[in-house]
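Undergrad: A single structure is presented below for examination.
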């Protein structure tokens with residue numbers, strides 16, 4: 001790190017620039033969402049681990065998605081809740097870099113996991129006879145580990161580039177956590193290399209994965225329409241539509257934040273988009289999968305039935 005960079009030992013997170021009453025209202029509301037996120041994704045993990053009927057590649061990837069959602073929420077929301085109670089709460093430089101790394105790592109990994117889930121559905125519906133041969137447990141574990149590794153390595157590259165920059169001027173981050181773009185605005189040097197790497201990452205993670213998902217689901221839709229059984233067609237539509245809802249919410253909010261012209265979205269509006277990306281999406285994901293997925297609802301009924309009989 002540069003000589004001047006050591007002058008900044010902590011940052012101030014400004015959070016939401018609102019009145020005290022509104023901040024207390026948001027604290028209560030966001031606390032409920034936070035609890036629902038942990039309980040909902042925790043329930044998904046519990047059902048998948050306890051019900052042997054859900055020990056399939058599809059739910060293996062879903063369990064990883066639930067882990068990402070829990071981890072992402074734990075990384076950002078407690079800091080946001082603390083800022084609502086105590087505005088302009090400081091965070092150490094090391095803590096800020098750690099939060100940035102984890103945020104990017106979980107976000108990148110979720111992008112890749114959503115692609116893996118769409119590929120799993122593509123193989124299951126378009127090549128059902130070869131499904132067990134293609135989607136072996138060895139393949140699934142390798143793909144999941146690869147998604148986590150790629151996400152972590154790229155996040156590490158971002159943080160290493162940030163550590164090369166001097167931070168000796170303003171130390172107020174106009175956000176509720178150490179989001180990478182907000183941190184870069186405080187650097188006392190040219191950040192063109194950081195911006196190039198961020199743009200390349202956006203192309204790789206926010207253009208490539210949605211394109212692959214759309215290609216997969218175009219084949220899936222064609223295959224579903226050829227299914228003769230009405231029950232089979234309904235089950236396939238139910239499973240795939242839940243995944244498409246999650247994909248649309250996640251990538252839609254991420255693309256608006258990182259790829260839309262910044263002049264159209266002021267900083268305060270960017271914070272609202274980040275709420276959808278890092279807060280509401282993890283809350284909605286278990287609801288979408290439980291309400292629109294018959295197998296998950298069946299597993300929940302069986303689990304509740306065992307509890308009532310015990």
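Keep in mind that glycine also has a Cβ here, set from the backbone N, Cα and C atoms.
Fair warning: this is a prediction, and the values are worked out from it, not measured in the lab.
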Undergrad: If I go by Swiss-Prot, the feature transmembrane segment sits on one of 120-138, 139-157, 158-176. Which?
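TA: So the range that Swiss-Prot calls transmembrane segment is 139-157.
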Undergrad: So, in Swiss-Prot, are residue 88 and residue 260 both on one side of the membrane?
TA: yes
Undergrad: If you check Swiss-Prot, which stretch out of 1-24, 25-48 is marked transmembrane segment?
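TA: In Swiss-Prot, the transmembrane segment feature sits at 25-48.
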Undergrad: Quick one: sort out which of 80-99, 100-119 is the transmembrane segment according to Swiss-Prot.
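TA: That would be 100-119, the stretch labelled transmembrane segment in Swiss-Prot.
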Undergrad: Would you mind checking how many other C-beta atoms are within 10 angstroms of the C-beta on residue 96 (disulfide bond)?
TA: 23
Undergrad: For the topological domain 'Cytoplasmic' (120-138), find every same-chain residue at least 6 residues outside the stretch whose CB is under 8 Å from a CB in it, and list them.
TA: 57-58, 60-61, 216-217, 219-220, 223-224, 236, 239-240, 243
Undergrad: Same-chain Cβ contacts of the topological domain 'Extracellular' (79-99) under 8 Å, 6 or more residues past its ends?
TA: 8-16, 23-24, 26-27, 30-31, 34, 159, 162-163, 167, 172-173, 176-178, 183, 279
Undergrad: So what's the mean pLDDT when you look at the topological domain 'Cytoplasmic' (120-138)?
TA: 93
Undergrad: I'd like to know if the transmembrane segment (57-78) touches the transmembrane segment (272-291) in this structure, counting it as a touch only when three or more C-beta pairs sit under 8 Å and are separated by 6 or more positions.
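TA: The transmembrane segment (57-78) and the transmembrane segment (272-291): touching, yes.
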Undergrad: Around residue 188 (disulfide bond), how many other C-beta atoms are within 10 angstroms of its C-beta?
TA: 15
